[in-house]
Amino acid sequence: QCTDGYEWDPVRQRCKDIDECEIVPDACKGGMKCVNHYGGYLCLPRTAQIIVNEREEAAAESTSGRNSVIRRTPADPQRAPPNPTHQIQCATGYEQSDHNVCQDIDECATGTHNCRADQVCVNLRGSFSCQCPPGYQKRGDQCVDIDECTLPPYCHHRCVNTPGSYYCQCNAGFQLASNNHTCVDINECDANNPCAQQCYNILGSFICQCNPGFELSSDRINCEDTDECRTSSYLCQYQCVNEPGKFSCVCPEGYQVVGGRTCQDINECETTNECREDEICWNYHGGFRCYPRNPCQEPYVLTSENRCVCPVSNAICRELPYSVVYKYMSIRSDRTVPSDIFQIQATTIYPNTINTFRIKSGNENGEFYLRQTSAVSAMLVLVKSLSGPREHIVDLEMLTVNSLNYRTSSVLRLTIIVGPYAF
């Protein structure tokens, strides 16, 4: 398919020019002559002389007496013009060359154009055009900047207009893709990991988190140790020690940590102690004591473990309790009161006898009360809270009488060791 002014030549297999001057009747009016031209024709005065440059050999033609056309090939230094002395006339925008042919004048190169300083000169065949540079549009005779940012979206996020152009910007947390228009998320955690501990990337930003035992500081990036010991006074039974990212519980001397938080008494009597061979070890909450294996004092003699008897054959014993039994017990400091702590009971029961119980000594401050629970037993009650470490020796006496005025007594010497803590 050929463009307008041309037709297909089946012999040469190419498009050839249509000579409109031959096929169009009265192509030119008003006494003008028709001059065929590539892709069209011209109407010129009959006295006009036309110079046409083409690739065929130069030849002077006169067609039907209506055209006076001189056809020349492009300037060929090997071929001299038929009439080198003949002065030719060229159309506006053309000039005679050294080879006596008409050639286009490049007004843009010679500076003979009248384009403004803010315009671009574009040379045309026989003329020129004043155009605006890229990014500008012509308004009247001036070139004004095109605000690309007001046109359909060039940029993904933000558009910045510049003289003759524009560029795209992205919001914080994004960066321009290779096409300079689209914005893609920046993975800050992979780029430089601004977080002190854990970093999680999110669209357009990131968040920091801390390991257990730490909390985010005010800058939301660094992590500060959480002082768990300050948040609660119930974390540890005795003392809480804060450590970076965690805490630990410690117990006082004589105790060991159980389950990470609870303090349990160490039974030194089962592990190591400094008691002699003639002493017994008694463990209490938070420590131990050494007591003599034979606690009896004159005139008492040891009859069994911790039991001392005053022989009736000794006259001194008639005014003394018949027996003294030594017992030991330990209680925690600040124990809740009232509280039953020890039961005393007759070991031998005689018929027709009456037993009464009393605190013989060791209750000067009224910390204890002895409540008789039966004819042969009584309960020692703690009525005032005791703080340790402290040792109390309380003598509990059982008086036995019968109808025949038989009277005897026995003493239980109770050593109460109050531990230093409430656990």
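Indices start at 1 and increase along the chain as displayed.
The backbone N, Cα and C atoms fix where each Cβ goes, glycine too.
Among the features that TrEMBL reports, disulfide bond is placed at Cys149-Cys159 (among others). Its Cβ placed at the centre, Cys149 (disulfide bond) has 16 other Cβ atoms within 10 Å.
TrEMBL lists Cys189-Cys199 (among others) with the feature disulfide bond.
Sequence annotations record features per position, and here TrEMBL assigns domain 'EGF-like' to 104-144 (among others). Per-class residue totals from DSSP over the domain 'EGF-like' (104-144), listed helix then strand then coil: 4 helix, 18 strand, 19 coil.
Taken together, the residues in the domain 'EGF-like' (145-184) have a mean pLDDT of 93 on the 0 to 100 scale. Positions annotated as domain 'EGF-like' by TrEMBL: 145-184 (among others).
Among the features that TrEMBL reports, domain 'EGF-like' is placed at 185-224 (among others). Within the chain carrying the domain 'EGF-like' (185-224), a Cβ under 8 angstroms from the stretch's Cβ atoms is held by residues 171-175, 244-247, all 6 or more beyond its ends.
Look at TrEMBL and you will find 225-264 (among others) tagged as domain 'EGF-like'.
Summarising the annotation, TrEMBL assigns region 'Disordered' to 57-84.
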*For the domain 'EGF-like' (145-184), find every same-chain residue at least 6 residues outside the stretch whose CB is under 8 Å from a CB in it, and list them.*
133-137, 203-206
*For Cys199 (disulfide bond), write down the residues of its own chain that are at least 6 apart in sequence and whose Cβ falls under 8 Å from its Cβ; none is a fine answer.*
Glu188, Cys189, Asn193, Phe206, Ile207, Cys208
_Count of other CB atoms lying within 10 Å of the CB belonging to Cys189 (disulfide bond)_ = 17
*Other CB atoms within 10 A, centred on Cys159 (disulfide bond)*: 18
